[in-house]
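These notes concern the structure reproduced below.
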Amino acid sequence: MSTPYTPTLLLILDGWGVAPDGPGNAVAKAHTPNLNRLMKHWPRTTLECSGRAVGLPDGFMGNSEVGHMNIGAGRIVYQDMTRIDMAMEDGSLKENPALLELMRRTGEQGGRLHFLGLLSDGGVHSHQKHLYALLEMAREQGLQDVFVHAFLDGRDTPPTSGMGYVKAFRDVRRRMDFGRIATLMGRYYAMDRDTRYDRTKIAWDALVHGQGEKVDGAVRGVRDAYVIGETDEFVKPRLVSDVDGVIRDGDGVFLFNFRADRMRQLARALFSDAFDAFDRGRRPRLAGLASMTQYDASFPFPVAFPPQRLDGCLGQAVSQLGLRQLRIAETEKYAHVTYFLNCGREEPYPGEERRMVPSPRDVATYDLKPEMSAEQVTSELLKELADYDLTVCNLANLDMVGHTGRIDATVLAAETVDACVGRLVDAVLKQHGRILLTADHGNAEEMLDAEGEPQTAHSKNAVPFVLIEDGMEGRVLKPGKLGDIAPTLLHLWGAAPPAGMAGEILVEETN
């Protein structure tokens, strides 16, 4: 092994996954002599980058934000949806302090409990299975009157899929004999995030003042909306006529969306004494208000799943060793090698420098300029390479061009990346340094679906991990996950990973 603190380049080829050769594999179709040589000559393995391996639900594809956060954290970073799923699975949801306190206070005041959120299985803002678990918990806690105010999706789900979700809720309710849908409305009104408070006011007036069309049941309400051309996202508020479910004094409210941005406006209307975006009329004096996750650090109400503290990430560990580090990428991926790699920290650590190379702005889509700014990033990095102990660089082309669905352009993107990789590897090896070559998720290697149609989304494929350093030939690497990169990097320096860095060492020990 080299001496500690061998200058190291962590080179992330965004969107570079592992897949068999085929008509949709733009990387395999490209002329990539450098990548081919490196993959053949140096120790390599594959890393899982989707589903539970990166803290997402089973079967969910990875993405750049999640990928870089797992790389930087050196452990699995469980995303909010997965944390809630796991709490349901192990039973700890029913012991959640914020939920128990809300239900206790509501019950003591003789109030009714209201669940507000997106009724959908889209998994972007919410998931209906979380609502069902909350209803079961409320029943077990002895609450009598529990109402659901269902926001319809149609944006992260098909535009008229709401009927299916409402019918599914009806079936669950019949089985449980508990809970009623009181209001229905599209997310356009209830979940605005662009300070269009005229929309939020329409939602408020339905929830609090009972203003909206009265309908004979939730299924009928959705059907009526479809008849007049309203798709899920844009369904105007409808109130179920035989349910007195407006929010009133002494009631408790739980906001069950786990994504924050589209719940902030409605939440402010519910709690803020200083709210002046619209005339609320009489605001109910609630027994309690809580939310699934933290929507804003300034919001004063309890949160069922507070933000995670991710101490001991890679950037912090490198800084505490007294070493210098550089983060460099073009605009499209700059946040990923800085904010996300630092696990949500905005400020650089001591000894951390950052360089952002502008992404092209003279094209509407990157298939028109598949080289993007990779060559400029490479040239800028080569100027400063010798000044840092750790350099983290992201080359964005395979992901950003892959998203266009243009295989021919993505082939050119792969060839650009290959040339840049060749220059960087040669320079680092000449300085007796080390390269860890990897990716955050796949994309460019799987650009056609099973029917041969263009696939512009990320893949679920594993990504390569290649250890490039003189003297490392013949070493064996174990398969792993993105969260194993940081502890492996520190181990190669002879430095112990921080206590919270639970990832594994990818390099097999030699006898």
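Any Cβ shown, glycine's included, is placed from N, Cα and C.
The annotation in TrEMBL ties R155, D156, R187, R193, R259, A260, D261, R262, K333 to substrate, and of the candidates under consideration, H68, H114, H125, H403, the one tied to the same site is H125. Among the candidates H432, H458, the residue that TrEMBL annotates alongside D399, H403 as binding Mn(2+) 1 is H458. Going through D14, D387, D389 against TrEMBL, the one listed in the Mn(2+) 2 site together with S64, D440, H441 turns out to be D14. Across H125, R155, D156, R187, R193, R259, A260, D261, R262, K333, which the record gives as binding substrate, the greatest C-alpha separation is 30 Å. The Cβ centroid of D14, S64, D440, H441 marks the Mn(2+) 2 site; residues of that chain outside this set whose Cβ lies within 8 Å of it are I12, G15, C49, G62, N63, G67, H68, K333, H336, N394, D399, A439, N443, H458, given in sequence order. Within the model, the domain 'BPG-independent PGAM N-terminal' (84-296) carries an average pLDDT of 97.
For D156 (substrate binding site), applying a Cβ distance below 8 Å and a minimum sequence separation of six or more within one chain yields S120, G122, G123, V124, H125. Ranking the binding-site residues H125, R193 by how many Cβ atoms sit within 10 Å of each one's Cβ puts H125 at the top. Within 8 A of the CB centroid of the Mn(2+) 1 site residues D399, H403, H458, the other residues of that chain are D14, G15, S64, L398, M400, G402, H441, N443, A444, T456, A457.
Around the Cβ of S64 (Mn(2+) 2 binding site), 25 further Cβ atoms fall within 10 Å across all displayed protein chains. The subset of binding-site residues (R193, A260, R262) lying with their Cα within 10 Å of the Cα of D399 (Mn(2+) 1 binding site) is empty, i.e. none.
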